[in-house]
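Annotated in TrEMBL:
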- 15-36: transmembrane segment (TRANSMEM)
- 48-66: transmembrane segment (TRANSMEM)
- 101-125: transmembrane segment (TRANSMEM)
- 132-150: transmembrane segment (TRANSMEM)
- 197-216: transmembrane segment (TRANSMEM)
- 228-252: transmembrane segment (TRANSMEM)
- 258-278: transmembrane segment (TRANSMEM)
- 285-303: transmembrane segment (TRANSMEM)
Amino acid sequence: MMGLNLEEIKTKKKLTFIGLGLGQILSLLCTCNVFTSSELARKGYNVPTTQSFLTYTLLAIVYGGIMLYRRPTIKGKWYHYFFLALADVEGNFLVVKANQYTSITSVMLLDCWAIPCVLVLTWVFLKTKYRLMKITGVVICILGVVMVVFSDVHAGSRAGGSNPVKGDILVVAGATLYAVSNTTEEFLVKNANTVELMTFMGFFGAIISAIQICIFERGELRAIDWSAEGAILFLRFAVSMFLFYSLLPVLLKTSGSAMFTLSLLTSDMWAVLIRIFAYHEKVDWLYYLAFATTAIGLIIYSVQEKDEEDQKDEQRKLLDEEGRVSLIATSTGEP
């Protein structure tokens with residue numbers, strides 16, 4: 001029994017480290033995508049939905065091919081996948097669009113709205129329980145992001161934007177859709193399989209993106225002066241987002257959507273490191289403290305989550321043991 005407990009504890013700790021590591025890989029991929037998207041915008045490629053279309057098409061082709069080869073029984077409902085793809089496409093569109101109207105500092109701060117939304121949605125629909133230490137980890141993570149915002153203000157990098165109120169509303173709406181997308185994907189990945197999830201998300205995402213491109217981005221596409229460098233940037237964005245979406249179900253299955261949303265908070269800190277080492281820019285000292293604070297919050301959230309599971313397992317085993325003792329005592333006639 002003791003050997004079994006030790007093995008279970010080792011497995012849970014291993015899952016904790018896997019969750020933390022995967023979360024940071026996804027955060028780094030997200031940061032790279034932001035920089036690629038920024039480069040595309042600077043070169044005049046202002047077509048965010050077209051960028052997403054390439055990613056969804058790649059998902060549909062790769063995972064759809066695997067699915068056709070395996071010919072498995074479809075477990076999920078098609079309208080669940082459509083709803084997921086719609087929330088994901090429009091969340092990406094709204095947040096990218098918000099950058100045209102409000103400051104990047106406001107986008108960073110308001111994007112944190114996804115965290116309480118994910119906690120509420122997973123609590124209501126997935127019956128996930130969040131105890132005091134988990135909430136503490138969330139608060140510490142948010143505190144780290146607030147430090148980043150204050151650092152931007154202290155460094156004088158805040159810009160008002162052309163229409164801050166409109167931009168802020170777009171960010172809040174996009175962050176809410178991110179929360180809906182993350183929660184829906186967590187539900188689907190635990191009730192279906194990754195190949196099926198990626199296939200239908202790519203399929204419906206490509207269709208929705210194509211319709212949106214025809215409505216909003218036809219003029220921008222015609223005005224673009226295409227070059228080999230621009231095509232490479234589009235391809236780089238599509239491949240990195242493909243890796244992002246491919247790894248995401250693994251984290252959702254092991255640690256949940258709340259852990260994923262918290263992990264993305266460090267993307268701003270990864271952006272700082274890229275600015276330091278790739279672009280040789282100087283950053284405010286508060287960034288380093290913010291990175292450490294957010295990392296501590298993630299560790300507290302993750303470790304406490306696994307510790308609670310250990311306690312529940314021990315309680316269940318104790319009750320089972322007491323039940324067996326009572327049954328033996330009853331069968332032998334002992335008091």
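The backbone N, Cα and C atoms fix where each Cβ goes, and this holds for glycine too.
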Item to check | Closest-packing stretch to the transmembrane segment (228-252), where packing means Cβ pairs under 8 Å, from 15-36, 48-66, 197-216, 258-278 | outcome: 15-36
Checklist outcome for this item: When counting C-beta pairs under 8 angstroms to the transmembrane segment (197-216), the leading stretch of 15-36, 48-66, 258-278 is 48-66
